[in-house]
């Protein structure tokens, strides 16, 4: 290397690596910018307009009118309430059942490998197929649910399942739990496998009951995994759309219209892209807020023994 | 060290940008053209028959490739609306329902074909059919499906109950149903499509007009919340409570009705014409072949109405922004032509009026197994069909009415309260 070199040579190794690293990241950043950030910003701009779907260029600015209209809309608040109900019941049940099943697999009962593998199947089924499946199961005249309950003697005649708003919502939730539970089990089971056996064994020697071992050792150590499952599933459940579209189309009497479904109706069925965008934005804000609350509540820097 | 990779990085980046630019649509070149069609797989010819029609079209037009995509009726409107937001749009030809023409015409989605329709075609197609595809004097497509909801009954069940004729009024239907129920022939004598979809509006319109009511008055203001409309809705609720209407109707659309009826689990059903061939002649689809008969759609006694039903007709239109409009129009003309419509009349009756008179009628009724029954049924029922209002806000107005009907059927609101709320929504939409 000669003395009379180009200025670039004056960069130290770290700076050089930084610069090359930037070049390598650039394509990725560009792609994220194009497929994520631009649409998000575009939606944000649209949310302040009365843009129709038939001509989706931002036009007819109305300021905060779309957002203010939601505050007054009964339909909007009902949808928000239904979405919270769906999310809390669905994610809550998945977490409790997921923990139970993961613990069961962890205790290595006979056939646990088969159990672990077959658990994946519902998760591998696409949501749309899952919805169609449950629509058939719930059918009042030729569905499997009526058939099962009849043969068990629990009902004396076929019942119409999807004709009462609250029941319909709970049945959609069951279909969603069936589909998403494997994901929670997988995460928790993987986390359980990393807990050293010695810790629970030592506690047992010291006289801790199974209950104490579960609550004082297993749960605290599982906390990061529970947090991950909780955040991912809450965000997913809050945006639920496809399973409802297939099973109930939002019926009966809007009883299963969640906020995402309402957004779909607003934007694509009614063609109000502006207010639809405002609704999508509110959904994003809600999910972001929930993720932040979770992290605040549960996330603690790892305590080293 | 890594800086020697920089040229590679720049190259990669350039390739990425180029590939993105490459995604931009290219102008259609000369030579073979592709016409993309969006339609539905409910009512009308089966996909196999649609492919045969394309093969025949290609004999005369080898340069036009036709690709057909099917969605369910309930997905069709939204699929068209979203596809139109791109340029060029994802489809060149779309199947449009009667009630969407006003909205799509206002949005500028459809190609004005008024000048492309010759006098002879204009003359030979039913005037009622042209009303479907025409908005404010401008024609936006060829009528294709001239349909109405029909009243079907299971002759065997009725005979076992001791009835030789189908009911003429809804009151008579209730009486017959009580006997059928008492004899244990079926649990719920009639199945309806009262799910939260356009289907429930269709059934409601039939009952509403059958009670002497209407959706809107002469000035276009909502009229469904008057006495007639409330009575019709209250009747729907009452039949569910009496176990005459299948309670699952509140979650059903047309295909569910067809399945229940085809399994022999209902004595009566209200559905589109396509159900006849599938339920009565197609043993793969039905357990009650040979038992299905048409009756004139009943009306309410004392309403002064003989019969009333819903007009659910559709047309094929060319997309205005399509780069292949001429080729697309050729295909639409072929698909809706008199000879093709006659050939495939098992699931769909022609829109060409000449077929229903004189010798042509004879030949039409002999075309296949279904037409000897469906053609007379059409001739008897279609004059009693009523269209829904052609307004640009129909999709939203209809959803409000669907909600109202379901709120009443699930007892969240009284029929009067529910319909008043929907009427208020219509007034609000009209004011926009």
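Quick reminder: no glycine exception, Cβ is built from N, Cα and C everywhere.
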Per TrEMBL, which of A:84-105, A:106-127 is transmembrane segment?
-> A:84-105
Contact set, same chain, for the transmembrane segment (A:84-105): CB under 8 Å, 6 or more residues outside the stretch = 112, 115-116, 119, 169-170, 172-173, 176-177, 180-181, 184-185, 187-189, 192, 214, 218, 222, 226, 229-230, 233-234, 237-238, 240, 258
Folded-back contacts onto the transmembrane segment (A:276-299), same chain, C-beta under 8 angstroms, at least six residues removed | 40, 43-44, 46-48, 51, 66-67, 70, 76, 80, 223-224, 226-227, 230-231, 234-235, 238-239, 259-260, 262-264, 266-268
Going along the chain, which residues at least six beyond the ends of the transmembrane segment (A:244-264) come within the CB cut-off of under 8 Å?
-> 75-76, 78-80, 82-83, 86, 127-128, 131-132, 134-135, 138, 162-166, 168-169, 171-172, 175, 238, 276, 279-280, 282-283, 286
